[in-house]
Ligand code: WTA
């Protein structure tokens with residue numbers, strides 16, 4: 001196969017070392033310490049993870065074997081027995097943390113709830129007892145379709161407690177998407193709510209469940225409904241039950257089921273580039289350990305922290321870093337129901353101020369939205385409690401990084417840019433904030449125990465600063481185990497794209513990257529987001545960064561369109577800052593700006609101004625749609641994950 005080159009053009013040189021003050025109290029304090037850990041883990045990953053499994057988790061029975069690796073199937077801690085809900089709850093009750101805040105929840109209308117570890121334990125046990133009464137047994141799958149309320153986390157932990165794998169479906173998904181996932185997972189029970197509050201409206205949810213089950217999903221016998229909005233809700237007799245009815249009088253004790261380390265913990269669906277969504281399967285022991293340790297080290301979790309991850313529990317970030325990671329660590333985790341909206345663009349900063357949030361974790365798309373809303377919102381709040389910031393989801397433009405650092409972090413908070421995926425369970429490439437000097441736009445270096453590399457299609461490492469495919473060479477505890485019901489797809493998608501080298505299988509993440517002269521990784525985005533202009537492959541994110549660095553540009557998405565001469569030409573979709581108007585003059589200015597930032601190679605052939613970009617519900621720009629638009633093709637394939645269809649319609653009209 002001919003080898004395309006992937007060229008990186010982002011040249012970001014600024015270096016931000018951790019402050020002495022931060023490092024002093026951090027779990028990992030020096031770059032040396034990270035390097036020693038990394039080397040030790042690389043020399044003997046099994047020993048490294050086994051020591052951590054011993055020191056960080058409670059096991060009912062210790063494992064007989066650390067790892068069984070029959071590519072592409074890995075099993076960790078064979079023969080070991082544990083329960084992740086026990087590790088997240090019960091084990092803290094015998095310590096001073098019993099009455100520590102486990103979950104602080106802020107509702108959008110301004111109501112709030114704090115659950116201590118003891119209270120959360122009681123509610124989880126109650127829900128576990130209720131779902132057992134509804135006939136759910138160990139091994140049965142349960143669908144969870146919830147707004148961001150404490151019961152979403154309670155439902156997940158209750159399922160884990162009785163050994164019923166959950167499949168959380170993001171509350172913004174349509175009835176069809178929900179139905180597909182319930183059918184694929186053969187869910188026996190659905191846990192939902194009447195609705196939730198978002199952007200000043202009560203959004204009904206139960207009605208979507210009714211639609212999903214309209215023509216029957218044969219596996220689903222019961223629906224458990226949490227009352228949140230109080231809106232009038234249809235209840236199907238014999239099938240639907242109010243949580244508050246069944247909760248009344250049920251015992252607050254429920255022993256955690258003894259689970260084998262490799263028993264399935266959950267299925268989480270993630271959309272592939274083509275075809276139906278993949279059910280990513282995670283299991284108990286490895287996932288518990290991996291989310292625990294990565295959360296602790298990369299976010300430097302301390303007992304005094306108030307930790308807030310703004311993701312939704314419907315995504316892997318919510319699973320690993322709102323629920324399981326923080327609670328396993330005995331941390332205080334914040335959950336917010338709402339979203340920044342015109343009536344309160346500063347609501348996130350209100351939450352930070354109200355609870356004295358110390359660690360704040362969000363996505364670049366949110367940061368760009370904050371920039372657009374204006375820094376007077378954060379500036380009007382007291383954000384001095386913050387000591388650490390995080391970002392996830394896509395490469396962060398250096399401009400946005402610097403704004404985040406300056407305006408939100410007050411130039412004192414390290415930023416951890418965490419590269420990982422639904423499939424990896426937890427952080428793979430990330431700074432350890434007390435140890436790793438950061439560079440805006442780089443996720444820096446692999447977590448100890450993660451043997452990452454950048455390779456060509458034959459699996460050979462590419463040179464310094466050469467673009468290539470990001471791979472992992474050794475199994476890690478948090479890795480996905482299979483695609484639910486489709487082991488073949490698991491093998492094909494992740495393990496056969498790059499040829500196994502000397503019998504060594506490489507996990508292919510689907511991202512392009514380069515490693516610079518200091519060993520830092522620069523993730524360039526999905527490989528399918530890479531444009532080839534005259535045989536040079538350009539990371540779309542890098543051209544986007546150049547555009548966003550222009551004062552007029554709020555957000556930019558870059559795609560390729562077929563071009564006879566150059567193979568592909570660059571097309572940029574651009575939304576402007578308030579006060580700017582799209583014009584031919586501005587279009588030329590922006591083209592010249594890209595040329596001066598990157599070089600003539602990257603000059604956009606076309607710039608299209610738009611009010612908004614088409615995004616998935618998790619905030620990722622849907623470049624596939626933009627590519628079709630740019631090349632004048634019909635939009636085909638799945639658009640069910642699109643957040644707002646009208647954006648697409650407007651772009652079409654403007655074409
Ligand atoms: C992208 C989200 C650059 C990447 C946890 C990956 C990132 C995909 C970063 C996984 C980052 C995530 N820098 N790119 N820090 N974090 N990505 O499964 O393309 O929703 O493959 O998991 O997001 O998305 P997923």
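Including glycine, each Cβ sits where the backbone N, Cα and C put it.
Keep in mind that TrEMBL annotations are predicted by a computer and have not been checked by a curator.
Record features (TrEMBL):
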{"type": "DOMAIN", "residues": "34-88", "note": "domain 'Acetyl-coenzyme A synthetase N-terminal'"}
{"type": "DOMAIN", "residues": "96-482", "note": "domain 'AMP-dependent synthetase/ligase'"}
{"type": "BINDING", "residues": "198, 199, 200, 201, 317, 534", "note": "CoA binding site"}
{"type": "BINDING", "residues": "393, 394, 395, 417, 418, 419, 420, 421, 422, 511, 526, 537", "note": "ATP binding site"}
{"type": "DOMAIN", "residues": "542-620", "note": "domain 'AMP-binding enzyme C-terminal'"}
{"type": "BINDING", "residues": "548, 550, 553", "note": "Mg(2+) binding site"}
{"type": "MOD_RES", "residues": "620", "note": "N6-acetyllysine"}
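A simple way to gauge crowding: the CB of residue 526 (ATP binding site) has 19 other CB atoms within 10 angstroms, across all the protein chains here. Between residue 201 (CoA binding site) and residue 620 (N6-acetyllysine), the C-alpha separation comes to 23 Å. Helix, strand and coil counts under DSSP for the domain 'AMP-binding enzyme C-terminal' (542-620) come to 24 helix, 27 strand, 28 coil. When Cβ neighbours within 10 Å are tallied across all protein chains shown, the highest count among the binding-site residues 393, 395 belongs to 395. Cα of residue 553 (Mg(2+) binding site) to Cα of residue 393 (ATP binding site): a distance of 21 Å. Checked against ligand 1, the binding-site residues 198, 201, 317 give 317 in sequence order as having a Cβ less than 6 Å away from one of its atoms. Put simply, of the recorded positions 393, 526, 620, the one whose Cα is nearest the Cα of residue 200 (CoA binding site) is 620. Residue 199 (CoA binding site) has 620 as its nearest neighbour among the recorded positions 393, 395, 526, 550, 620, going by CA to CA distance. Other Cβ atoms within 10 Å of the Cβ of residue 550 (Mg(2+) binding site) number 20 in total over all chains.
Residue counts for the domain 'Acetyl-coenzyme A synthetase N-terminal' (34-88) under DSSP (helix as H, G, I; strand as E, B; rest coil) come to 27 helix, 15 strand, 13 coil. Long-range Cβ proximity for residue 620 (N6-acetyllysine), meaning a same-chain Cβ under 8 A and a gap of 6 or more residues, is found for 365, 393, 394.
Residue 422 (ATP binding site) sits 25 Å from residue 198 (CoA binding site), taking the Cα positions as reference.
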